[in-house]
Structures are given as C-alpha cells and as structure tokens.
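Copied over from TrEMBL:
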type     : residues : note
ACT_SITE : Glu346   : active site, proton donor
ACT_SITE : His377   : active site
ACT_SITE : Lys506   : active site
Amino acid sequence: MQAIIDKLSSTAAATRAEDLRAAFAADAQRFTRFSASFDDLLMDYSKCAVNDEIMALLEELCATADVAQKRDAMFTGEKINFTEDRAVLHTALRNRANTPVIVDGTDVMPDVNGVLAAMGAFAEAIRSGKLTGATGKAITDVVNIGIGGSDLGPAMATLALAPFHDGPRLHFVSNVDGAHITDTLKLLSAETTLFIVASKTFTTIETMTNAQTARAFIAKALGEDAVGAHFAAVSTALDKVAAFGIAAERVFGFWDWVGGRYSIWSAIGLPLMLAIGRENFGRFLDGAHAMDQHFRTAPFSKNLPMLLGAIGVYHRNVLGYPTRAILPYDQRLSRFPAYLQQLDMESNGKSVTIDGKPVAGGSGPVVWGEPGTNGQHAFYQLIHQGTSIIPAEFMIAANGFEPELRHQHELLISNCLAQSEALMRGRTLAEAKTQLMAKGMEEATADFLAPHRVFSGNRPSITFVYDQLTPFALGRLIALYEHRVFVEGVIFRINSFDQWGVELGKELATGLLPVVEGKVAATGHDSSTAGLVAALKAARG
Ligand code: F6P
C-alpha cells in the first residue's frame, strides 16, 4: 500500500496535478470528467488536485486495501469490530429491502422491524395526543437526554429537517454542566413534557445525572407517581433501564452491533420520529438504504463514498493536509460538522493498525466546520490565505424551502460557488497589482500593497449539490459520510468501530470526583492537577 501512496506522491508532482488553474484551462471537460452523481446528488471533485493517473492509482489503492471485500464483510455481519468482538450493522437498521442479515446464526431483521414498529406506535400516540402526561394533558415538548452518538445524530437531524416538523417541540440536553438542563427546563411545563433517556450503555455519567435531575423536576411538580408517564428510554442495556424504573412498553432497544455514532437509524432516532412522524422517518431510512445500495454496487469511478474516501486519503496521506473543513451552505445543517466530528474523529482517530502496529503516515484528519455564509466572515481568511492548506467540502441544495425568499437562496448559492472558485483560482501578484492600479493607485503603492492581496489558489475543495434537504436526502448524505469514514479506515488499516481513546479521561474523572468533593486528598496526582484542585477548592469556599 505504501508503494501506491509513494507512487501517488511522485505522480502528483510529475504531472503538476496541483496546478488547478492550468488544468481547467487545458481541459474544458474537467468538470464532467471529475464529477459523479447518484440520482440528484452531485459530487464535484474537479477542484481537487487529481488527474486520470491519480484517479487510477486511487482506485488501485482501494483495491489493494480490499475495500470492497471489507465493505461486504461489514454488510453481511462479520465481526469486523474485532477489539469488541462485534458486528457492525447500522446498515441493517435501514435495510428497507428486508433481506435477512445474520449475526451469530440469527436474522436480526425481525427485531429491527419490531423496534421500528414499536417506535412508530409510540411516536404516533404522543403526536396525536392519545398518550398524555400524568395529568391528561398532551405532550408539547420532548427532551432528549443523551450525549455523543445518543445526542448528536438526533439533534443534528431534527434541526436539519425543521420544515418537516409537525410534532412536539424537541430539546436536547447533553452536557453534565447543570446549566444545560437548567436552561432547558426553564422553558418547560412538567405536565406537558416527555423525557427520553437515550444511552446505549445506560451508564454514561452525564446522561444518568441529567436523567436524575429531570426525574426530580417531574416528581417535584407532579409527584413521584407521575414520573412513569413522563419518561421513555432508548438503550441496549434493558436491565439497567428497568432498574431506573422506566416501564418496559416505553423502552426501545437496540443492539451491540450498532455503534453509538452510527445509531441515528435505530431507536436513538426516536426524537426525530416524534418531530417529523413515522412516514418521514421511513424516508430518512430509505435515503440511507439507497446510498448503501449505491456503495455496494457502483463501480469506483461512480461510487461516491469510494471517491470521497479515496480523495480524503489522498489529501491526508499523500498531500499531508491534517484537517478538513465541512462547510454546508445550508443553515439547517449547522450541526452537521459537529456530527461528522464524532463520526469521523471517534472512528478514525487511531494510531494502531489492525495488527497492533503503529499507523504509518497518519490516520483520520481533524474535522471541523460551520455553515456558510457565516464561516466566510470568521475563518475563511485562513482557508484562503493561511499557511495551511485545508481541503473544503461544500454542500448546497438547489432549492430551499422558502420560495418567497428565492433571492436569498440565489445569494447563498452564488456565495458557495464563489468560495470554491476563489480557492481554486486564487489571485496572482500581477492580477492584484493590476486591480489596484485600475482603481487609480500609484504603481509604487500598488507594488507595496499587492502581496497582501495575493491568493495562492490551488486550494482543493469538493462540492455536493442536491435538490432539497428532504428526509431522504439527509439520510443519503449521512450514509455517504459514514461509508467515506469506512473507506478511509480500511485504507488506514485501523478498526474504525471502537473508541478506547475516550476511556482514560472517563476513568480519571471518576477518580477525581471524590477529590473535588473534598472527600479524599489529592494524593497521587501530578502537581498541576493537585494545584488546580486546590485553586478551585479555594475559589469555591
Ligand atoms: O464516550 C464516548 C461514547 O461512548 C460514544 O461513543 C457514545 O456515542 C457516547 O459515549 C454515549 O454513550 P451512551 O450512548 O452509551 O451513553
């Protein structure tokens, strides 16, 4: 594999692949040749430093890494998460073809369909007002209490699909900081509020602590007996949910073969279903399933997740770019970069290969971003003129949901396209000088100021265009990124499905709590940690 990476590197240099302006000038068909579509979803990667030789080598890289075989192993339930001895089957949750998916000799589809039906019945009962709070009032507000994958997915998707909301209002509480739940509860009436405690393990300290605070809120306002009517839970740990006291018919399960960051398709999606209804949630699953089929069947040159993953590795491991920016020109996707941070960085932020050896050449990049146009007025300066090259991933809908504000959508589109064009074209010193002199500036002054107005150009970006951000389109987009992370993880030769890196901090926090509470002395800690404990203790009195 390293040989192909090296070959990519020498080919990029020898073919001057990074001179994008020249590449576009020399080839009027460049966009057609370096873009691919799946239905209305278009991926334009022509503004990346690729050419035919590089794309052929990237295809060879995927073949050498056995991406297709490993993809099939994932879809068919092999235990590819070997450090936890688990299958990886979020795709079964949206397997709308309902073909059998076997884990340990059993077809998981009847269970998947059973939970989906139970979620649907519960969601419709709440939405219609058939199922009420303890005092008989309809539920107007739902608070999801969860963190990480039990929060980011439903929170992101609920915001993204706001035009489809016709159910109760949704709120999301994740942080153990009491400010989060306090500020949320302030807005709510206990009588009309339902809490969903969402935790795969049902042990996560943040979620369990917030759940207790929410329980106290209901008990104080309506009495202990009312608690049951105001809680539901989503978890794989049904015994722990029962111990918390939530009635079995209000508990929606999932399975250890669903990773937290891949769980939006499971009962973790219940808040989204409450907001947009069962049918729209079904369309969300349909979109992801369509992408799954595309990933499994399309040839490399047309396979969006393969292309996105291969170009991601090219940027990270061949060209050495350490981060990537996710820049949706879609305000309702404002939490999508945060969602992708967990999906990508928790999956591919690893240093050890599947053989337990150090990863050669870097694994997952830092993922970050904000929606456009806001980012333009904040950090785009660095993307255009900073010393680091940051591959950007733009996304834009052809149509918004505000026909009366068509002009605003046109402004949004033109800003999105202008940014990728500017990153690619740049502005030379001569162009900068000419521009200044055209404004009547003296030549000496223009010479002095022009360097500050130079844009190097040749800064790569990928642009996704889709018709409209419907449930189907969102499901498809999320699945595209899930599979991209998979492709990259296979090429990095890491296990993308565990997350041991979050454990040490959790262990130390548990040990530090009695120290912070003042129950035990800060012995055994380094002087910095002990000093900080002492400073906080002094400030708290
Ligand atoms: O600590 C990381 C993590 O395990 C994530 O992988 C997960 O999504 C999150 O915590 C929440 O976990 P749970 O759903 O078990 O509460």
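Positions of Cβ are set from backbone N, Cα and C atoms, glycine also.
TrEMBL annotations: computationally assigned, not manually curated.
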Fill in the CA-CA distance, Lys506 (active site) to Glu346 (active site, proton donor), as an integer in Å.
15
Entry from the active-site residues list His377, Lys506 having the most other CB atoms no farther than 10 A:
Lys506
Quick one: Cα separation, Glu346 (active site, proton donor) versus His377 (active site), in Å?
29
